[in-house]
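If you check Swiss-Prot, you get these features:
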type	residues	note
SIGNAL	1-18	signal peptide
CARBOHYD	27	N-linked glycosylation site
DOMAIN	65-183	domain 'Plastocyanin-like 1'
CARBOHYD	107	N-linked glycosylation site
CARBOHYD	112	N-linked glycosylation site
BINDING	117, 487	Cu cation 1 binding site
BINDING	119, 161, 545	Cu cation 2 binding site
BINDING	163, 489, 543	Cu cation 3 binding site
DOMAIN	189-347	domain 'Plastocyanin-like 2'
CARBOHYD	278	N-linked glycosylation site
DOMAIN	424-567	domain 'Plastocyanin-like 3'
CARBOHYD	467	N-linked glycosylation site
């Protein structure tokens, strides 16, 4: 097998090795009692936020093929869209500092394009592989492929998913792990636990219920790692297989287990807990945090938490324990909140005892952990802002009802906005095409561009709110109650303040090592004040990860350091590939028989 030196000489790994700022001996080895160590003098205190600070790495390659197959994760058959014929998609894993080269093949026969987003991966100075049709690329046409290549300068647990409209809600996602140090010790790694809500109908069909102004469709079951249960009778419904199973894992007394809870849902923010066990939170969204203990956790769509669970349960009532997850706002919206089983006795196949649902779990609410709980291990101080942040600059979340739209001439469609306009991107002319053109091109208002033409290292602040006076907004909207998991591409952000109720000017920002992450839950009728450093040129999406809301336009795009974008793409030698892919998509799209008045039936993202 080639050595690391061979990889570097061959030019396959873009190597930049900087001082690790390690606090531990250089010979410290990662193990059950030394998880803060990593390798080559790198450890939990090494400043991963600097993309130049990463260990030496190797090349790791994967192939992902997109197809439609019949799946029945909860015992009910339906057509799913999946990677490599499996649901969820295969685990993609690498080590901190590695370069991943992932080739995506679109073998769909239903006419859909596709593109893959590497959720939470910073993609420093490689915006063109962020995988957002209409923003960073044209879709991959059926029968064609695309190579995504990036270096893992962060570590932790995340996921990858289609960013082509609602495609991932039909099953097109999988877990992603970048191995690195941990802020607390553990013995056994149980890997990612993907938690999702599940439907028996196609997501593109269901979306029209929401577009018509009705409440978003309610899922029928909850899945943990692609397994769940749905109450049906095979004798009455041929789609019912009668084969239902919970996700199960085995614990050994006294062992400490690490796992990562990853919310890959379409609609629901989940409250998660394990009967009879506390757990220690050690990471949130690729940001290692000082360990803290709890027994219940809210996980918004797109959020990830690495936790450590010690196998020390009181087994007087039995040796098996339920894993639970329910919707944070209405616990009974899916009647069964049991999503998995932990067994101390592998031979025991009985159902665990079911303790009464505590008020703590039922009324836990929809808030993220408190700012005082999520303390980053690698400390950062937020600098002064360079942008305006008055009330007229707030990012006001709301639903716009019964208005004409670029993609639907019948003015009965309900949309969501994160600014003044619901987003609508054109798959044939993505933002990066405009930014790399030989002449200046205007961004249509429905692409919702927000230009960040500031120097590297300067900070921008933004206030997200779903609780404000309607007199303060340009376009009418309804303050429909909902949790909004807001995700930023290309960065994580600092959370300066967060809460319920309206934001008031007397609220002071937390600037000294505030929590950092890439998805923040704006609670029902609440706000979140975020900030990030301008240092990664590109067109980066900010959007609600509630899929129906994103589909209905709840997004904007930051055009960051626009003058640096084209030189980066040219220097990387990918400008021709980018143009060829768009030309290929246009040829395919123009050859498809699509009615003139229905070219694209949602925001595109």
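Sequential numbering from 1, following the chain as shown.
Quick reminder: no glycine exception, Cβ is built from N, Cα and C everywhere.
Here the structure is a predicted model, which means the values were calculated and not measured.
On the structure: features taken from Swiss-Prot.
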| residue | record | CB count, 10 Å |
| --- | --- | --- |
| 27 | N-linked glycosylation site | 7 |
| 107 | N-linked glycosylation site | 13 |
| 112 | N-linked glycosylation site | 21 |
| 117 | Cu cation 1 binding site | 26 |
| 119 | Cu cation 2 binding site | 25 |
| 161 | Cu cation 2 binding site | 24 |
| 163 | Cu cation 3 binding site | 29 |
| 467 | N-linked glycosylation site | 18 |
| 487 | Cu cation 1 binding site | 24 |
| 543 | Cu cation 3 binding site | 27 |
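Checked against residue 119 (Cu cation 2 binding site), the recorded positions 278, 487, 543 differ in C-alpha distance, with 487 being the nearest. Counting residues of the domain 'Plastocyanin-like 1' (65-183) by DSSP class, helix then strand then coil, yields 7 helix, 55 strand, 57 coil. Annotated Cu cation 3 site 163, 489, 543; additional same-chain residues within 8 Å of its Cβ mean position, judged by their own Cβ, are 117, 130, 132, 135, 487, 541, 542, 550, 555, 605.
Restricting the glycosylation sites 27, 107, 278 to those with a CA within 10 Å of the CA of residue 163 (Cu cation 3 binding site) leaves an empty set. The two recorded residues residue 543 (Cu cation 3 binding site) and residue 487 (Cu cation 1 binding site) have their Cα atoms spaced 5 Å from each other. Under DSSP, residues within the domain 'Plastocyanin-like 3' (424-567) fall into helix, strand and coil as 22 helix, 53 strand, 69 coil. Residue 278 (N-linked glycosylation site) has a Cβ environment of 16 other Cβ atoms inside 10 Å. Cβ neighbour density within 10 Å is lowest for 545 among the binding-site residues 489, 545. In the predicted structure, the domain 'Plastocyanin-like 3' (424-567) carries a mean pLDDT of 92. Reported as a whole number, the C-alpha separation between residue 161 (Cu cation 2 binding site) and residue 489 (Cu cation 3 binding site) equals 13 Å. According to DSSP, residue 278 (N-linked glycosylation site) is assigned to coil rather than to any helix or strand.
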